[in-house]
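In what follows, a structure is listed as structure tokens, so that the remarks can point back to it.
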Amino acid sequence: MRVLLSLVVILFIINSAFAVKINIGRPTKSHKTIHHETWVEEQTDQFDNIKVGQLLGFKRSPNRPKLQIKSYDPLGVQIPTSFNAQTNWPNCTTISQIQNQARCGSCWAFGATESATDRLCIHNNENVQLSFMDMVTCDETDNGCEGGDAFSAWNWLRKQGAVSEECLPYTIPTCPPAQQPCLNFVNTPSCTKECQSNSSLIYSQDKHKMAKIYSFDSDEAIMQEIVTNGPVEACFTVFEDFLAYKSGVYVHTTGKDLGGHCVKLVGFGTLNGVDYYAANNQWTTSWGDNGTFLIKRGDCGISDDVVAGLP
């Protein structure tokens, strides 16, 4: 009996040790919700072991082009207390789409290309998704997956223009939603000035340009622009707590500076007394509030590097 009991104990110890070995390194999938004054943080293992800085590709260029600066026009369109570009221009379905920058620090290109796509629809009635790949790989003034400047991106749209996604789709490797953002990052692919083989489009004839580009000197000017002409690109500083954003109006609370990130601003408003911008991120719908977030106006420099243009 004692021998049998000893064997049972030994087997239990072996199995326990084996189980521990199996579980080492596995995602816990645990969720910890923290309620801040204006927003909710949901801590998960989504960003564990990820070099988040590689996602944050906004790099101010020392050779940044000097753009026209727009100010608030008191005689222009009046600014409402809240605004949502998605509901204001319902026929432009790209406004509400959440993209996936995948294994690449291409946020600077996504913010520009998404906003320009929306504006082609709003102003020219063109329902065409501009190619992220064209800008990421062929904009020689920026550094592709290593990062870029939003101002340079819009200048490239003005000078060179981008082809459509139908001509040149985004082929940066992605990963399952549960692994967003991706663990491994890639080098920038080579520029291919040809449409994909199954497309009837011709690269040189499929270019879509911006006629004019500009930045802004105030929140009032930014909001008036969104109401008048549609979404804009905005770049800001990402801190550690932003990664766990889930809902509410984000206000930087804790954590270190991780880098610069660019997104698309689609609206604004006030929630519980806090003035905010509404933005679409490009980390898939698994992040944040189905891929979107609200951020306090002016927080983290969200009002400092904003750029847009007209076709």
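Just so you know, glycine gets a Cβ as well, placed from its N, Cα and C.
Values in this document were obtained by computation on a predicted structure and should not be read as measured data.
Sequence annotations record features per position, and here Swiss-Prot assigns signal peptide to 1-19.
For Asn91 (among others), the entry in Swiss-Prot reads N-linked glycosylation site. In sequence order, Cys121 are the residues of the chain that are 6 or more apart from Asn91 (N-linked glycosylation site) and have a CB within less than 8 Å of its CB.
For Cys92 (disulfide bond), the count of additional Cβ atoms within 10 Å of its Cβ stands at 21 [all protein chains shown]. The disulfide bond feature in Swiss-Prot is assigned to Cys92-Cys121 (among others).
Sequence annotations record features per position, and here Swiss-Prot assigns disulfide bond to Cys104-Cys145 (among others). Mapped onto three states, the DSSP output places Cys145 (disulfide bond) in helix.
Look at Swiss-Prot and you will find Cys107 (among others) tagged as active site, backed by similarity to another entry. Cβ neighbour count for Cys107 (active site): 28 (other Cβ atoms within 10 Å of its Cβ, all protein chains included).
Around the Cβ of Cys191 (disulfide bond), the number of neighbouring Cβ atoms within 10 Å comes to 14. If you look up Swiss-Prot, you'll see Cys138-Cys191 (among others) marked as disulfide bond, on the strength of similarity to another entry.
Residues or ranges marked as disulfide bond by Swiss-Prot on the basis of similarity to another entry: Cys167-Cys195 (among others). Under the DSSP three-state reduction, Cys167 (disulfide bond) is assigned to coil, being neither helix nor strand.
The annotation disulfide bond is assigned in Swiss-Prot to Cys175-Cys182 (among others).
Around the Cβ of Asn198 (N-linked glycosylation site), the same chain contributes no residue under 8 angstroms that is 6 or more positions distant in sequence. The N-linked glycosylation site annotation in Swiss-Prot covers Asn198 (among others).
Just so you know, the Cβ of His261 (active site) picks up 25 other Cβ atoms within 10 Å once every protein chain is counted. Feature annotation from Swiss-Prot assigns active site to His261 (among others).
Annotation source Swiss-Prot lists active site at Asn281 (among others), citing similarity to another entry. Summarising the environment of Asn281 (active site), the number of other Cβ atoms within 10 Å of its Cβ, over all protein chains shown, is 24.
Feature annotation from Swiss-Prot assigns N-linked glycosylation site to Asn290 (among others). Around Asn290 (N-linked glycosylation site), the same-chain residues six or more apart in sequence whose CB sits under 8 Å from its CB are Ile98, listed in sequence order.
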Chain-internal residues near Cys167 (disulfide bond), provided their CB is under 8 angstroms and they sit 6+ positions away:
Ser131, Asp134, Cys195, Gln196, Ser199, Leu201, Tyr203, Asp206
Whole-number Å distance between the CA of Cys138 (disulfide bond) and the CA of Asn281 (active site)?
23
Cβ neighbours of Cys195 (disulfide bond) where a neighbour is any other Cβ within 10 Å:
21
Spatial neighbours of His261 (active site) among the recorded positions Cys92, Cys104, Cys107, Cys191, defined as Cα within 10 A: which are they?
Cys107
According to DSSP, folded down to helix, strand and coil, what is Cys104 (disulfide bond)?
coil
Relative to the Cα of Asn281 (active site), which of the recorded positions Cys92, Cys104, Cys107, Cys145, Cys191 have a Cα no more than 10 Å away?
Cys107
Using a Cβ cut-off under 8 Å and a sequence separation of 6 or more, which residues in the same chain sit near Cys104 (disulfide bond)?
Gly57, Val136, Gly144, Cys145, Ile172, Phe185, Val186, Thr188
